[in-house]
């Protein structure tokens with residue numbers, strides 16, 4: 001029997017976290033190629049350390065995207081994040097780029113030819129999840145962990161009051177108490193943030209960040225019982241890639257559901273949408289969110305599975321966690337009918353062959369508002385009517 005009273009914790013990291021810097025750069029490269037050639041293929045990895053960035057991977061795209069242009073875009077991304085420190089500076093860091101052509105063996109399995117539809121770029125399993133415990137249909141712990149850091153980053157960049165003393169690198173963690181299966185309060189709040197003023201101690205940093213944290217959380221969630229851990233080590237001046245080496249694809253739980261749902265293991269950033277690690281995970285979230293938005297369940301987990309070179313998913317699995325109003329087996333069949341879940345079908349329906357990925361690289365790929373230019377299209381709830389009709 002499912003528990004209804006418990007504690008659950010999720011963490012987030014800011015755009016200035018070393019791994020997120022790398023995700024941002026990798027997705028900036030993806031966007032640069034897709035802007036020039038929507039059918040470009042990319043698998044791009046980034047490493048960042050003290051004043052050094054290494055970009056490597058496989059690309060099939062136009063020669064108009066030069067390494068010089070990619071270096072300029074990389075520096076612009078680092079500048080936007082806010083790094084102007086001796087150990088990591090957008091202007092002075094060394095940028096090395098090692099991109100080469102995509103393997104012909106991989107391409108032949110993915111490319112459409114004759115009567116063969118475009119195949120998946122790799123094998124794998126992908127999960128999507130939705131829950132009605134927040135307006136964004138996301139789990140509360142990860143949703144609010146993201147919101148805390150996004151609000152602090154916005155204040156830092158706008159140089160609002162003492163928030164200007166904060167640095168780009170930060171982490172948050174929120175423990176939420178559930179009662180009757182619903183989130184009711186934050187029992188523990190952890191916030192570690194880089195600060196540019198070396199004289200600041202934990203109390204000084206808390207004085208800056210606490211108002212933003214309280215504003216980010218539901219009003220009744222922070223009370224006299226809430227335990228705070230703000231910069232527990234006391235000092236956090238050296239941060240970002242100068243403090244810890246960063247790599248693309250190391251924050252896959254932060255990117256998704258904060259541990260509240262399964263993860264297939266594949267990272268998103270640096271990959272074009274023929275890679276089902278990315279596109280099918282977006283499709284699974286899209287389906288799960290529409291199921292919950294349609295009132296068919298309070299929670300939904302959806303798994304998709306693919307094989308390299310094969311266009312159709314090998315399996316579709318639905319778990320409504322005992323909250324469903326419909327038969328899960330029937331819903332599995334309907335989901336495969338109302339949305340073409342081939343790589344091409346997903347890309348076409350969600351409009352994924354666009355330069356919309358750099359913005360996904362921090363504060364979560366899910367639970368965001370759809371953008372007018374097609375960004376976060378997988379967060380739309382435009383399948384609700386189709387779902388209800390198909391299940392009527």
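Yeah, the Cβs are placed from backbone N, Cα and C, and that goes for glycine too.
What Swiss-Prot records for 17, 169, 170, 171, 235, 236, 244, 250, 251, 267, 271 is ATP binding site. Residues or ranges marked as Mg(2+) binding site in Swiss-Prot: 19. Residues or ranges marked as K(+) binding site by Swiss-Prot: 45. According to Swiss-Prot, the L-methionine binding site annotation covers 58, 102, 244, 275, on the basis of sequence analysis. As annotated by Swiss-Prot, region 'Flexible loop' applies to 102-112, with the evidence given as sequence analysis.
Here the features listed in Swiss-Prot are placed on the structure.
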| residue | record | DSSP (3 states) |
| --- | --- | --- |
| 17 | ATP binding site | coil |
| 45 | K(+) binding site | strand |
| 58 | L-methionine binding site | strand |
| 102 | L-methionine binding site | coil |
| 235 | ATP binding site | coil |
| 244 | ATP binding site | coil |
| 251 | ATP binding site | coil |
| 271 | ATP binding site | strand |
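A separation of roughly 14 Å, to the nearest angstrom, links the Cα atoms of residue 251 (ATP binding site) and residue 45 (K(+) binding site). Candidates 19, 45, 102 (binding-site residues) were compared with residue 271 (ATP binding site); those inside 10 Å Cα-Cα are 45.
The average pLDDT computed over the region 'Flexible loop' (102-112) stands at 70. Farthest C-alpha pair in the L-methionine-binding residues 58, 102, 244, 275: 30 Å apart. By a simple count of nearby Cβ atoms, those within 10 Å, the most crowded of the binding-site residues 19, 45, 58, 244 is 19. Of all the Cβ atoms in the protein chains shown, 24 others lie within 10 Å of the Cβ of residue 251 (ATP binding site).
On the backbone, the CA of residue 275 (L-methionine binding site) and the CA of residue 235 (ATP binding site) stand 41 Å apart.
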